[in-house]
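Novice: Dropping a structure here in C-alpha cells format, bear with me for questions.
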2 protein chains.
Amino acid sequence: MTDTKYSLDEIRLRLNELDDQLLQLLSERRRFSIEVAKSKVETSKPVRDASREQQLLVKLINNGKDKYQLDAPYITKIFHTIIEDSVLLQQNYLQNLANPQQSRKPLARVAFLGSKGSYSHLASREFFSRKNTELIELNCDQFKEVIKTVESGHADYGVLPIENTSSGSINEVFDLLQHTTLHIVGELTQPIDHCLVATKDIQLEKIKTLYSHPQPHQQCSEFLSRLSGVVLESCASTADAMQKVQELARDDVAAIGHASSGKLYGLQSIQSDIANQTENHTRFIIVARKPVEVSTQIPAKTTFIMSTSQEAGSLVETLLVLQRYDINMTKLESRPIMGNPWEEMFYVDVEAHKDSESMQLATQELIKITKYLKVLGCYPIDNVKPVIPDLNA
Amino acid sequence: MTDTKYSLDEIRLRLNELDDQLLQLLSERRRFSIEVAKSKVETSKPVRDASREQQLLVKLINNGKDKYQLDAPYITKIFHTIIEDSVLLQQNYLQNLANPQQSRKPLARVAFLGSKGSYSHLASREFFSRKNTELIELNCDQFKEVIKTVESGHADYGVLPIENTSSGSINEVFDLLQHTTLHIVGELTQPIDHCLVATKDIQLEKIKTLYSHPQPHQQCSEFLSRLSGVVLESCASTADAMQKVQELARDDVAAIGHASSGKLYGLQSIQSDIANQTENHTRFIIVARKPVEVSTQIPAKTTFIMSTSQEAGSLVETLLVLQRYDINMTKLESRPIMGNPWEEMFYVDVEAHKDSESMQLATQELIKITKYLKVLGCYPIDNVKPVIPDLNA
C-alpha cells in the first residue's frame, strides 16, 4: 500500500470486496472438506487427526507470521473456527451415511418447552440448522409433555435442557428419563446470555416494571439490586416476559431474555451480560423414538443409567471398571428412585461409542456388578475440542 | 466440483492453497482496517459504529447464504473474530497516536507473579503481543513485589490478577491498590483452562503423584475425586508444579496447569477441561507509573476508589449519581480500610472515559458527597462486544 490517501468510501468498497472473497474461499474450503470425508469413508479413518491438525495450525501460524505479518492468536482463533466447521461438516456427512432414513427427511417436528424465543426454542433451531433440517415447531408447557409428544409420535424429536452451569442439573428431566422409552440422539451446549430488552433504547432509570421468569431474576440478582424503584413481575417463561413487554409497548417496561429472542418480539437489547456469573451455559439433549447410528469415525458420547447395590463401595467399583478400560466419564449424577427412597439411580455420561471394544467390555462387567443398567443413548459429541498449537515443537 | 475422485493428497494440497489465500486476504483486510483508523483520526468519529457493523454482518450473512451456501452461525462466528481484530487494531493505532512516547518503545520491562508459565506470565505475554512490544520479563514472588518493582522504576509495567470467575476477587491486590501511586493503564481477561499435564501421554490410572497449587486443586476437586490412589502434593504455583514434573521426568507424575504453560516445560496435556466449572476467567490489570492517554474515539473504562460517610444510604446516593448520568457500573467491590476497621473503601469500575462530559459532571458531584475519591486509572476496554445480527430487520 502506498501513502496515497483513500476516502472512507473507497476503503469500505475494498473491504467489501475482500469480505466477499473471504466468503468464497470459505465456501470452497467446505466443498473440499466434504471431499476429505468422502475419502475417509473408504479408509475408515477417524474424522479427527490431532497430529495433522496440530501440524496444520503450526504451519499456518508460521506462514502467517513470515509472509503476512499476522499474529499467532488471531490465526489460531480464525482457524479453530474453520477446523471446527470442517469437523462438524464431515461428521454430518458420515452421520447421514450411517442414518440414510433420517437424512432423507428434510422436515422434522420438534417439541420443546415454552413459546417463541424460549432458550429451548433457540437450542432447537440451532441443533437442526446444523443438519439443514426445516422445523415444524411444537410448543409444550411441561417437560413431561415434550416427552409424551415424542412418545406418541406427534413429534419426531424432543429438546430438553439437562444442566446449567449456574443453577445445576435439571432434576425433573433426569427423573423423566428414568421412565421413558425414548433414546438420546444428540446434545447441544448453548450459551445463556441474559440481556435487558425493551421496545426501544430507553435509559435504565426509566424502567418502572421488569418482567422475567424467576430463574433469570435470580441469576441476575447483582445487576438488579443496582436498579432502584423497579417492580419485578414474575412470568411463566422468559418468552412470556418478552411477549408481555411487546404487548404493553410502553417505554417504562423491560424484560430479561436473550438478545436473539428479544428480536423475535421486536425488542432490542438495552443492556447485555447482566448475569452475576458471566459465563452461563445450558446443555440440552435431543430425544427420539429410534436410536441414532453413530459412525465409529466420529467422537461419540454414551449416556447410561444404573443402580448399584447398597453395599458401601459399590459405586466406586463401577467407576473403577470405567477407569480400567480408560473410558473418560464426563458426568455423574445421582437421583433418588421414585417409590424406592433408599436407592439411588446414577446417570453417567462417558466419552465412548457404545459399540467400541472398551465400552462393550466395560458394559459386560458393569452388568455383573449393578442391579440395573440401561443405555439411554449413544450420540455424536457436540463440541469440537480445539487443538492447542505447540509452537515450541 | 465434478464427481472426479480426488486423492486425499490432492485434496489436502488444494486445502493448503485455499488456507494460504485466506491468510493473504486476512492480511490485506488488516491493512485496510488501518486505513479506516487513519481516516477516523481526521473525522474524530468513534472506532465502533454499531449500526454499520450490524449492516455489514447482515449483508455478509445474506450474501453467504444466497451466493455461497454458507450458514449464518458460521459467518457470524468468523466475522465476529475479524471485526474484533479490526476494532483492536484501530484502537491500537489511535492509542499509539495518543501516547507517542510509549509507542516509540518497542521493548518493555514487565513484572508479574510467578515463574515461566504462570497464568500471570501468559497474561503478560498476551497483553503485550497485541501491542507488538517485546518483553523483558521480571518474575516476582509476591504481589507487593510486583508493585514495588514498578514504583521503583525497575519495571515499566506490572501485571496483576484482580478477580476470578470461580474464586472471586483477589483481596490482596485490591488492598495494595489503595496505597500505590501507580496508575491502571490496561486490562485483560484470560480464560483459565486447567489441564492435566505430564511428560508423555500416560494413562490416568498410571498417575501416583499429582503436583499443583492449592487453588487449582480446589477448582478441579470433582475430577480429582474420581482419581483413586493419587497423592496430591502442594506447590507454590502452577509453574512450580510443572517444573517439578519436568525435573522428575517420570511417567507416574502429573501437574495441573494450562496446556500452553505445560508446553513451556516440555509437558503435554493428557486431559483438558478438568475444572468443576468449565468456564473460568481471570481479569488482570496492567499498572504503570504514568497514566495512559485514552483516545476519546475508543471505548474506555475508569476505575476509582472512594470512601463514603457512615450514614445509612450514603453508598446508594453515590450509585444514584452514576445512574443519573447514565454511566454503566461494571464492578463494585468493598474492602475494609486498613487501620480503620469501621470504614469501607469501595472499588468502582465504570464504562466511561474519565474526561467525558458525563463522567466529569458525575465526578464533581461524587467529590461533594464522598469523604475520599481517587481515580486509579482510565484505560481501553479489553473485550470487543460482538454485534448480534438482526436478521428480522
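Here the Cβ of each residue, glycine as well, is placed from N, Cα and C on the backbone.
Note: TrEMBL annotation is automatic and uncurated.
From a predicted model like this one, the values you see are computed outputs, not experimental measurements.
Annotations for this protein, taken from TrEMBL, read as follows:
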BINDING   B:Arg12, B:Arg29, B:Lys40, B:Asp49, B:Glu53, B:Ser86, B:Gln90  substrate binding site
COILED    B:8-35  coiled coil
DOMAIN    B:2-94  domain 'Chorismate mutase'
DOMAIN    B:109-289  domain 'Prephenate dehydratase'
DOMAIN    B:303-380  domain 'ACT'
SITE      B:Thr282  site 'Essential for prephenate dehydratase activity'
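Mind mapping these onto the model and telling me what they sit next to?
Specialist: The C-beta environment of B:Asp49 (substrate binding site), restricted to residues of the same chain at least 6 apart in sequence and closer than 8 Å, is empty.
For the coiled coil (B:8-35), the residues of the chain that approach it from at least six positions outside its boundaries are 82, 85-86, 89-90, 93, judged by C-beta separation under 8 angstroms.
Residue counts for the domain 'Chorismate mutase' (B:2-94) by DSSP state, with H, G and I taken as helix and E and B as strand, are 78 helix, 0 strand, 15 coil.
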Novice: Calculate the distance in Å between the alpha carbons (Cα) of B:Ser86 (substrate binding site) and B:Thr282 (site 'Essential for prephenate dehydratase activity'), and round it to a whole number.
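Specialist: With distance taken Cα to Cα, B:Thr282 (site 'Essential for prephenate dehydratase activity') is 24 Å from B:Ser86 (substrate binding site).
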Novice: Determine how many residues of the domain 'ACT' (B:303-380) DSSP places in helix, in strand and in coil.
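Specialist: In the domain 'ACT' (B:303-380), the DSSP-based counts are 24 helix, 37 strand, 17 coil.
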Novice: Looking only at B:Arg12, B:Arg29, B:Lys40, B:Asp49, B:Glu53, B:Ser86, B:Gln90, which the record lists for substrate, tell me the maximum pairwise CA distance in angstrom.
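Specialist: Spelled out: the longest distance between any two Cα atoms in B:Arg12, B:Arg29, B:Lys40, B:Asp49, B:Glu53, B:Ser86, B:Gln90 is 42 Å.
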Novice: Could you check what DSSP calls B:Thr282 (site 'Essential for prephenate dehydratase activity') once collapsed to helix, strand or coil?
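Specialist: Its secondary structure by DSSP: strand.
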Novice: Just to verify a number: CA distance, B:Arg12 (substrate binding site) to B:Thr282 (site 'Essential for prephenate dehydratase activity'), in angstrom, no decimals.
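Specialist: B:Arg12 (substrate binding site) and B:Thr282 (site 'Essential for prephenate dehydratase activity') have their Cα atoms 39 Å apart.
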Novice: Check each of the recorded positions B:Arg29, B:Glu53, B:Gln90, B:Thr282 and report back the ones whose Cβ is under 8 Å from some Cβ of chain A.
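Specialist: So the ones by chain A are B:Arg29.
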Novice: What is the separation, in Å, between the Cα atoms of B:Arg29 (substrate binding site) and B:Thr282 (site 'Essential for prephenate dehydratase activity')?
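Specialist: Checking the Cα atoms of B:Arg29 (substrate binding site) and B:Thr282 (site 'Essential for prephenate dehydratase activity') gives a distance of 31 Å.
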Novice: Who sits close to B:Glu53 (substrate binding site): which same-chain residues at least 6 apart have their Cβ under 8 Å from its Cβ?
Specialist: B:Ile83, B:Val387
Novice: If you draw a 10 Å sphere around the Cβ of B:Thr282 (site 'Essential for prephenate dehydratase activity'), how many other Cβ atoms fall inside it, taking every protein chain shown into account?
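Specialist: So the Cβ neighbour count for B:Thr282 (site 'Essential for prephenate dehydratase activity') comes to 21.
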